[in-house]
Ligand SMILES: Nc1ncnc2c1ncn2[C@@H]1O[C@H](COP(=O)(O)OP(=O)(O)OP(=O)(O)O)[C@@H](O)[C@H]1O
């Protein structure tokens, strides 16, 4: 953090210096004005007042000019700091666990903005207040020592006790949490409107959102009352201290002029110190953001995978999100091999693919890999034509290449049926695609540039079993001789792969050609047998005359879908997104 802000400190120092001069001028202006008024009441010769008149004028002009300079230099410094910090923060985030939701992402953006707030509305006012208050106390003490002590006491309460109360009051303030809850409730109402209506749950959901809103209103009211009380307390303290300072000056034998000068000086000094209450509240509000950014920047950089190898090799690679997702995985895939990755849900298949693609965090170990193309489950379909979506991967591809890619992905017939063909507009603001169409479009886009290494995460998950097998077979055929790694839940068609990796709880528990894995007892064989039993039970249910019991496992036969105890996706026709 310091490294990023280093070049900012000088500008910020200049801004603070300008702020200090502006506030000292404001204090001087008040003190001189008090002197001028009380001296004028004594009706001296005009020449006796001229110095005071010039002084008031000079202080007023200088105060305005230096306040302007302070704003200019302060905002310049803060904006430069934020401009430098933002790319650093994004860079630090690269390679770390992906932020899972928009809220976290926007926090990353607003966290950086908080630094600007902290510099301009907390740090700068605090330093200015400290210097000006000290200067005012010294000046007051020089005129009347007793009054200086009273002023010091008053300022101390305003600078310490009121901000402390503001911090305490802010800690009790749950407005931010309430706002977040209300936002979630509102998002549920909007996004889930159809489901709520279908289940007759709209009134209950609206009532819940209204409860949040009412609670927030009540808490907002309480917070506003607390902050007004602190404001009023500050103003009362300011007045009481000014009166006490004036009084103590008179008691010390000062003239009315001297007493008025220190009294007004005290009033002006408070003007600089009272904003500390608000600064303290802001500090409490923005400090967590500063902590998050400091931690992110201080964390050691994560080594990104090396992209200079012909083959893919993982050496004792581990990957963590908030808990381990891959543990000590070692793997070599020579160029041209076709590898299938199977395993239960949450076994770490997508993470492994992400590591191979350089998209998932590596917390230990070493990755060697060539340039890869990866199709992740949440790959994006752009609001554009089918052609534009495809050309994104290979801008120079001609029509026959486009047709070949979509044919391999099993989408050519559907595109031909569209009136606009390849010019059909799809995506957010275009024609809605079914899960299977979307998935095949993404697959075609990945196949189009014919990459040397292609990583596919469940590329046929949303397709009907027969079509899924057909598409996978076409992909294998099209990719013959090129490295292809496919995460899949379907056991059918695995015989086409050179090797099958079985993952369990983040570790590779078995690997080898399909025929070898299925021939020996082990995790893969268990999955295979379980699948065979499931399939025969389904067949028996569909056709009671066919007989369902006593299923035998024939390693030569495809099994269908890999069973997962908690799996709902095998029955779900649409893609996850
Ligand atoms: N971005 C993430 N942040 C935090 N945890 C994650 C993230 N992605 C995956 N995980 C966790 O890592 C573990 C492995 O997840 P992964 O998606 O790799 O499994 P998978 O075998 O592909 O599962 P599935 O078959 O359901 O897609 C899981 O426990 C999952 O909850």
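Cβ coordinates come from backbone N, Cα and C, glycine included.
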Annotated range (TrEMBL: transmembrane segment) out of 90-109, 150-169, 170-189: 150-169
Which listed span TrEMBL calls transmembrane segment, if the choices are 198-217, 258-277: 258-277
Cβ-Cβ under 8 Å with the transmembrane segment (150-169): same-chain residues at least 6 beyond its ends: 129-130, 133, 136-137, 140-141, 223, 226-227, 230, 233-234, 237-238, 240-241, 244-245, 248, 262, 265-266, 269-270, 273-274, 276-281, 283-284
Distal contacts, the transmembrane segment (43-62) - CB-CB under 8 A, six or more residues away: 21-22, 25-26, 28-29, 32-33, 35-36
